[in-house]
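Taken from Swiss-Prot, the feature active site, proton acceptor applies to ASP18, supported by sequence analysis. Swiss-Prot lists HIS46 with the feature active site, proton donor. Under the heading GTP binding site, Swiss-Prot lists 17-23, 45-47, ARG307, 333-335, 416-418, citing sequence analysis as support. Annotated IMP binding site per Swiss-Prot: ASP18, GLU19, GLY20, LYS21, ASN43, ALA44, GLY45, HIS46, THR135, ARG149, ASN226, THR241, ARG305, in sequence order. Here Swiss-Prot flags ASP18, GLY45 as Mg(2+) binding site. Summarising the annotation, Swiss-Prot assigns substrate binding site to THR301, THR302, THR303, GLY304, ARG305, PRO306, ARG307 and lists sequence analysis as the type of evidence.
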Amino acid sequence: MRGREDANARVLGSQWGDEGKGKLVDILAREYDVVARCQGGANAGHTIYDDDGKKYALHLVPSGILNENATCVVGNGVVVHLPGMFDEIDALLKAGVDARGRMMVSDRAHLLFDLHKEIDGLREAELSGNKIGTTKRGIGPAYASKATRNGVRLGDIRDADKFANALRTLAADAAARFDGFEYDVEAEIVRYREIASRIEPFIADTVEYVNDAHRNGKKILVEGANATMLDLDFGTYPFVTSSNPAIGGVSNGLGLAPRKFETIIGVAKAYTTRVGAGPYPTELFGDVADKLRELGYEYGTTTGRPRRIGWLDMVALNYANQINGFTHLNITKLDVLSEMDELKIGVAYELPNGKTTTAFPADIATLENVKVVYETLPGWKTDIANVRSWDDMPENAKKYILRCEELSGVECRYIGVGPGRDAMVIKP
């Protein structure tokens, strides 16, 4: 199937991640010349399927890699664990997908080392009962190294002595900070000397590349990682990721001006999920949560952890739209709701002081104590996994989508009804 996009586009998560961004990017990628990642790292898990139904779980490689005509770009805003990236590249090659010559990584991108993963675990242990619930992929510590200006960039790997000294400094800083820190820095230096020659063909000035592509009329698709409600500035801080998955991270992470994008697609599940700790107003428990978790197979691509489950939260979705300015939405996993007798949408919050609001609070304590005001809609009790057109959609399923449009003020252009590439209804 093909999408309806004819302009440079950004695909962004509007909830807490795992919305299904990778599938839409995979579908749209066939219409684009460049598919780019702009932030995050291997904490992002994007699952896509080819036309034969073969499954690919990607973490660093952009989801557009299955489009043989697209160049995939890993931008400067991404933190890159090179061994993990090559594991993905090798797995793709074994499956018949060759990334060589079609993928480039920014020379400005910061490297994530195993020491960052070690620090991540030690930091979580320190927090004890106040754990963030990270993926322990080292993302936060890698961005911390970048922010404190002692990080190592991919381009540094070209100078063996400079690279080795920078890594030794990182290790010494970590050893001084954490009593239990154990890391063989010299072995890591040797390991990366071997990696250096292999990564060299992938290293590029991606800022120049994407801007040159734009000047030459090539279409660019940006694949966001994580999601707005995990954004370092706009998410449920401190229960957030360490980058900016919201709109600002695109320009910062690629070096491409905001005005060069016309389309901003927000991806949202027809219900919600969250992995890790943090406030989650519409969270469900008991039989309904268990049923949705099993029907939607809600287990993390990166961690395998069971995801928390909740009803669609329109307060959060409208907040994400306010920040990102979505031109349209992709509502995913609508098929998962097919067995439900009735559905609920959170439309407002009752605050602890008794007032009702449709604004998303910044204060975590407030968020943890709101009462959600729900609107109830009838279910459709019909399997929609094989529906491929809007006209064939059950009336109550249409009503659910149309109500989402009314409450958000944004067109729901793409409607996911299953995991496969073709399981997407494009609303006329």
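Each residue, glycine too, has its Cβ placed from N, Cα and C.
Remember, it's a predicted structure, so these values are computed and weren't measured experimentally.
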Three-state secondary structure, which DSSP defines for LEU334 (GTP binding site): helix
From ASP18, THR303, ARG307, LEU334, the recorded positions whose CA lies within 10 Å of that of ASN226 (IMP binding site): ASP18
Cβ atoms near THR47 (GTP binding site) (within 10 Å, other residues, all chains): 17
Listed recorded positions HIS46, PRO306, ARG307, filtered to Cα within 10 Å of GLY20 (GTP binding site): HIS46
Which recorded positions sit within 10 Å of the residue listed as 'active site, proton donor' - Cα, from ASP18, LYS23, GLY304, PRO306: ASP18, LYS23
Among ASN43, ASN226, THR303, the most crowded of the binding-site residues [Cβ within 10 Å]: ASN226
For ARG305 (IMP binding site), the number of other Cβ atoms found within 10 Å of its own Cβ: 13
Separation of alpha carbons, GLY304 (substrate binding site) and GLY45 (IMP binding site) (Å): 10
